[in-house]
Amino acid sequence: MRVILAPMEGVVDDLMRDILSSINPYDLLVTEFVRVVDQLLPEKVFLKLCPELLSGGYTPSGTPVRVQLLGQEPNCMAENAMRAIELGSHGVDANFGCPAKMVNRSNGGAVLLQYPNTIHDIVRAMRQAVPAEHPVTAKIRLGYEDKSLFMENALAVYEAGATELAIHARSKVDGYKPPAYWEYITEVRERLPIPVIANGEIWNRDDAKRCMQVTGCDSIMIGRGAISLPNLADTIKTGATPYSWADTLQLMLSYTQRELSGRKSDYYPARIKQWFSYLNRQYPEADTLFRELRIYKTTEEIVRVLEQAQHHLNQ
């Protein structure tokens, strides 16, 4: 079984990858997307989104990281795929699933699910540019407005030479609304000879088991669930006990220390509030604490609330 951390734009940055890989036995982490338009991007763009490239493409805990690209022009995607590999990325992934309106309006992400030939051309160009020993992968949804082109898109990725395919079991229009339609993944997994990775609505170990039973996949990708329950991958792979609220609060304080000592400290209030929006699903205590700290705007005020909460737990 493989468990892969999904790319989540604006959520799973290098610090979050560091934190989560330090407490989970992830097999692979995928970055937020690098936006490719019409040129070969400078190294600094890749290093900003994936500073792990400076350490051989690994997090401090030794988990490999794969750069994800988002774009619509095959040759530019190919050039930038090769650059990612040269910089140390463990393979390169193509994003055909992002549902964000701003991205779709500029012909990126899930909007390309309406054009299987374009998907094929992009993956084909990337595969031809990247040496065979390096994986070229793709992530798709079930479709854009409907699921009518789902199998055609999956075949386009495979026939273009992709190493494996991750599928988020919802369409663009579905967004993130439950349920996830895992049964569609089953059809592709039975038809394609390459590994298929199942993604969508995996919030706990039982969800992971059901997803693998329905799809027949032995690889899963987790995103929002991994932020909601920080040690989700560990519970899935080893049967570890899910983190208690005390465990999670301590992890948040560890995250806080790293955030404030790094380059992103100005963004801390927004980042920590965003994390609380995911934790609310798993921990009632998170909702209570968020109601207290949401009125604060400064880092100092928020850190004080978190430290007070931990102090009360330890009494």
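The backbone N, Cα and C atoms fix where each Cβ goes, and this holds for glycine too.
These features come from Swiss-Prot:
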- CYS98: active site, proton donor (ACT_SITE)
- PRO7, MET8, GLU9, GLN68, LYS139, ASN199, GLY200, GLU201, GLY223, ARG224: FMN binding site (BINDING)
- ARG35: site 'Interacts with tRNA' (SITE)
- ASN95: site 'Interacts with tRNA' (SITE)
- TYR176: site 'Interacts with tRNA' (SITE)
- ARG271: site 'Interacts with tRNA' (SITE)
- LYS273: site 'Interacts with tRNA' (SITE)
- TYR278: site 'Interacts with tRNA' (SITE)
- ARG294: site 'Interacts with tRNA' (SITE)
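Each residue contributes its Cα atom, and for ARG35 (site 'Interacts with tRNA') and GLU9 (FMN binding site) these two points are 11 Å apart.
DSSP assigns ARG271 (site 'Interacts with tRNA') to a helical segment in the three-state reduction. Sequence-distant contacts (6 or more apart, same chain, Cβ under 8 Å) of ASN95 (site 'Interacts with tRNA') comprise PRO7, PHE33, GLN68, LEU69, LEU70, GLY108, GLY109, ALA138, LYS139. For LYS273 (site 'Interacts with tRNA'), the spatially nearest entry among the recorded positions CYS98, GLY200, GLY223 is GLY223, judged by CA separation.
Following the DSSP three-state reduction, the secondary structure of TYR176 (site 'Interacts with tRNA') is coil. Calculated from their C-alpha atoms, the gap between TYR278 (site 'Interacts with tRNA') and GLU9 (FMN binding site) amounts to 14 Å. Long-range neighbours of CYS98 (active site, proton donor) (same chain, six or more residues apart, CB within less than 8 Å of its CB): GLU9, PHE33, LEU70, ASN104, GLY108, GLY109, ALA110.
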